[in-house]
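Trainee: Dropping the structure in here first, questions after.
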């Protein structure tokens, strides 16, 4: 991988330097690219860039990256990436595994981390693929994940959370877990998945329900617990 990170942040309510950690990559021989600020390298100064250059020859599966400078990733500097295995032992279980089969869960705060209450009150919103509602505003956009009846999907579930864990489920659907934290997993069929900050799962989903809309739910461990008006929710659309 060659990933050039450019620090162009200029919001004075947030940290303007940065350092990116590629979560759970072993970094054998490239510890300088691991991204722990002030441990492996200095942060990238505003207006400058840094090229992270590393390999992952024996690792496949679901990963994520995030700022490793103080609380910066809680303000949104985080994301997912998938390393595909050309010899995936689960390939016969699914028909679709692409950029549309990623599901990210994150907590979102209306106040920048360094100005807030250190998360003691819980997040204002749970974001599913970057969108979510907060109490008192039922108009905010919800993520819609489109699937086709009769197809089999491999979904990559990633917790980008800064603090809470979530219980993830899809109404009227079962999920079969096949990967945990980039390690192939014995098949385990469940109704829900409890996922903590930094964890990743892959699950196989067969779309065998009636054509309809189904709630995707991510119940946080603290904060706003309700699903009222679409809080902590997204939509699976058959």
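Cβ from N, Cα, C; glycine included.
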Trainee: Which residue, chosen from 11, 165, is annotated N-linked glycosylation site in Swiss-Prot?
Mentor: 165
Trainee: Where does Swiss-Prot put N-linked glycosylation site, among 8, 129?
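Mentor: Out of 8, 129, Swiss-Prot attaches the N-linked glycosylation site annotation to 8.
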Trainee: Which has the fewest other CB atoms in a 10 Å radius around its CB: 8, 165, the listed glycosylation sites?
Mentor: 8
Trainee: Looking only at the domain 'Plastocyanin-like 2' (100-238), what is the mean pLDDT?
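Mentor: A mean pLDDT of 94 is what the predicted model shows over the domain 'Plastocyanin-like 2' (100-238).
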Trainee: Near residue 68 (Cu cation 3 binding site) in space, meaning Cα within 10 angstroms, which of the recorded positions do we find among 8, 162, 165?
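Mentor: Passing the 10 Å Cα cut: none.
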